[in-house]
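Asker: Provided herewith is a single structure, encoded as C-alpha cells, for subsequent inquiry.
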Amino acid sequence: MTQRYRVTVAYDGTDFAGFQVQPKQRTVQGTLEKALTKMSKGAYIQVYGSGRTDSGVHAMGQVVHFDYPSELPAKSMLRALNSLLPLDMEVVDSQLADDDFHARFSTVGKRYMYRVDLGHYTNPFKRRYTGHYPYPIDVERIKAALSDVMGTHDYTSFAAAGGVIKDKVRTIYEATVVYNEAENELIFEFHGNGFLYNMVRILVATLLEIGNGRRDVHDFLRLYEVKDRQQARSTAPASGLYLKEVYYK
C-alpha cells in the first residue's frame, strides 16, 4: 500500500540547474528522487512539483508530492529526507496527503518574492541571493505603478519565449514593494493565481525602469494593450527570485 505525501521544500537555487530533472545535471527534483530511492531501497519514486523554478531561482516554500511504498509518520518522512539531502536543500514540512492531491494541479495561487540590491557596486555576499540595480530609484513611482500590476490582465508582454501556455491571462491579487534601509534593498512580493514563464522577473525589471524614470509610471497599461514581449525587453536576474509560498484549497 502506497501513501501520498505533501512535502514543502526550501532550497538555495544557485547550484541547481532548475527544478526539473535534466540528464547529467544537478536538479531539485533529481536530488529529491535520489534521496527517496535510497530510502526505499532502490525503488524509483517520482516527485511532482507545484511548478518549475529555473536555474538560480530559490524557494522558501516549493511544494511537491510523491507516492511512497509504505506509510511513515509525516515527521519521520521529514527527518529521513533531511538526513539524506544536501546542505542547500531542506524539507520544512511534511504531511500525509489524500490520493487526489496534486502539487501542481491542486494549486490556487502562488506568492513570489524578489530582492534587489541597490548598492553602487555588486556585493559579493549578496550576488547569489539578490538582483542588482545600481541606478537612482524613486520608490514612490514604483508603488504607483504597482496599482496597475494588480488585477486580471493579459500578461503576454511579460512572458518569456519558451513558455508553452497559450492563455496569458492571469490575476495578481497583491503586488507590493518595501525598501529595506538596513540592507539597502527593495523587496517585491507578488501573489497571484498563476505566473507565466519568467513573468515575475520581467515585471520587476519593468518596475525598476519605471522607478528610474526610463518609463512612464503607467506604462503597464500600454504594455497590456500591445501584447509584445519586445516592448518589455528586460528580465531581472534569477538570483533575486524566491518562490515563497504555494496556496491550495
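Cβ atoms are placed via backbone N, Cα and C, with glycine included.
Note that this is a predicted model, so its numbers are computed, not measured.
Here's the feature list from Swiss-Prot:
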- Asp54: active site, nucleophile (ACT_SITE)
- Tyr112: substrate binding site (BINDING)
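Any idea what these are sitting next to in the structure?
Answerer: In the shown protein chains, 17 other C-beta atoms lie within 10 A of the C-beta of Asp54 (active site, nucleophile).
Under 8 Å, Cβ to Cβ, and six or more positions away along its own chain, Tyr112 (substrate binding site) finds Glu189, Phe190, Phe195, Val200, Leu241, Tyr242, Leu243, Lys244.
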